[in-house]
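J.: Quick one: the structure is below, questions incoming.
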Amino acid sequence: MGLHAGYQNEVYLQGLGDQLPPFTTDATKLEAVAEEAMEPGPFGYVAGGAGSGDTMRANRDAFARWRIVPRMLCDATTRDTSVTVLGTSMPAPILLAPIGVQSIVHPDGELATARAASALGVPMVLSTASSYALEDVAEANGDGPRWFQLYWPNEDAVCVSLLERAKAAGYTALVVTLDTWTLAWRPRDLDQAYLPFLRGIGVANAFSDPAFLAGLEKSPAEDQGMAVLRWVSLFTGTDKSWDRLSFLRSHWDGPIVLKGIQHVVDARRAADAGMDGIVVSNHGGRQVDGAIGSLEVLPEIAAAVGDQVSVLFDSGVRTGADVFKALALGASAVLVGRPYVYGLALGGEAGVRHAVRSLLADFDLTLGLAGARCPDDLGLGSVRLSA
Ligand SMILES: Cc1cc2nc3c(=O)[nH]c(=O)nc-3n(C[C@H](O)[C@H](O)[C@H](O)COP(=O)(O)O)c2cc1C
Ligand SMILES: O=C(O)C(=O)c1ccccc1
């Protein structure tokens, strides 16, 4: 048996003692379940996408078009889902995507996520816009694997300071997000006039950063509004260029991954720039409304650069079958976003654990039932485009 499939037995056995799982094991229903429990502002912020939601739908539609073609009599009873990506070994090719401002859904926010991730050995990618300082999240994460997501500040001193702090706190890889240099038109948030930062959430890394604080005339305690504006303006704009990646390289000695790649030419540029990895992602459909479904571009990007850089994938991963399909189409691992945030909203640390264990078990079982023993067994022959 695979390690994670054991959660299936655990759930059924607990049923003998009349105990049900804390909430649904169906990640495609999680959003509806979470909506009942969440405040409208935070729920809309998490669930929403750019514009009409077209790209969010495209992300899911792209998964539905690919079908798994199972194989039989493969002796897939004993399975090993573990992989090593960019020097980080993980129990399955699944990481927790960087999600900012998690305290809007649960007071423990990223601390709870960090504890759940560490208990499972699943890597978390901490957002620059976290609600707790990166050092506090690292402490909650303990020995767990962790990467840091960078929203690349316009001031080099602040950038270097964040990188040094992340390194010192044990984050081993840097994920540089390129697709969110300003927030898209998001009607769901606009209609409620709801934006977390303006309410002073997601600024913990700024307000604990000496280089950031050095640029303020008044402390955040004296003038929170000015401090928030400075933080927001640091991440707004596109003055960076491909040749500036060498700056990050010179201040970060671990792997660097570019997140938000959708065009094969950009994937090649990332490889040419000496990056270690990319995340094929459209930010969960939150940035360019009308953009192509992220899974649609994965095969061509993996074919173009898969032998030079680690190709990770996100946007729309919900089930074990989705993980399977992304790996078959060339990803070495996937990041999952909203599902674990709904888990956090519904049950704090235990909720994240349940949501992630459900995905791990579902993936492990799908892998075995389709006739594969490990992620490496998957390839283009494992799936087919349906009409
Ligand atoms: C509420 C929310 C906040 C997010 N914050 C960040 C962030 O701070 N940094 C980042 O790189 N991506 C952020 N993302 C994007 C995720 O990392 C990821 O790309 C996306 O959620 C994947 O799609 P999925 O939610 O369909 O799994 C955020 C996504 C959501 C839903
Ligand atoms: O909302 C987002 O998608 C996002 O990436 C973000 C950006 C800054 C702060 C918090 C989240």
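Quick reminder: no glycine exception, Cβ is built from N, Cα and C everywhere.
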J.: Check TrEMBL for me: it has Tyr45, Tyr151, His283, Arg286 binding glyoxylate, so pick out which one of Arg115, Arg186, Arg249 it puts in that same site.
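T.: Given Tyr45, Tyr151, His283, Arg286 bind glyoxylate in TrEMBL, the matching entry from Arg115, Arg186, Arg249 is Arg186.
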J.: When the Cα-Cα distance from Gln149 (FMN binding site) is computed for each of the binding-site residues Tyr45, Arg186, His283, which gives the smallest value?
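T.: If we rank Tyr45, Arg186, His283 by Cα distance to Gln149 (FMN binding site), first place goes to His283.
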J.: How many Å separate the Cα atoms of Arg286 (glyoxylate binding site) and Pro98 (FMN binding site)?
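T.: Pair distance, Cα basis, whole Å: 14 Å.
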J.: What number of additional C-beta atoms lies within 10 angstroms of the C-beta atom of Asp314 (FMN binding site)?
T.: 27
J.: If one looks at the chain holding Gly316 (FMN binding site), which residues at least 6 apart in sequence have a CB under 8 angstroms from its CB?
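T.: The list for Gly316 (FMN binding site) reads Met56, Asn59, Arg60, Ala62, Phe63, Gly284, Gly285, Gly293, Ser294, Leu295, Asp322, given in order along the sequence.
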J.: In sequence order, which residues at least six apart in the same chain have a CB under 8 Å from the CB of Tyr151 (glyoxylate binding site)?
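T.: Sequence-distant Cβ neighbours: Ser127, Thr128, Ala129, Thr177, Thr180, Phe235.
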J.: Same chain only, sequence gap of 6 or more: which residues have a CB within under 8 Å of the CB of Arg186 (glyoxylate binding site)?
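T.: Set apart from Arg186 (glyoxylate binding site) by at least 6 residues yet with Cβ under 8 Å, we have Gly48, Gly49, Ala50, Gly51, Arg286.
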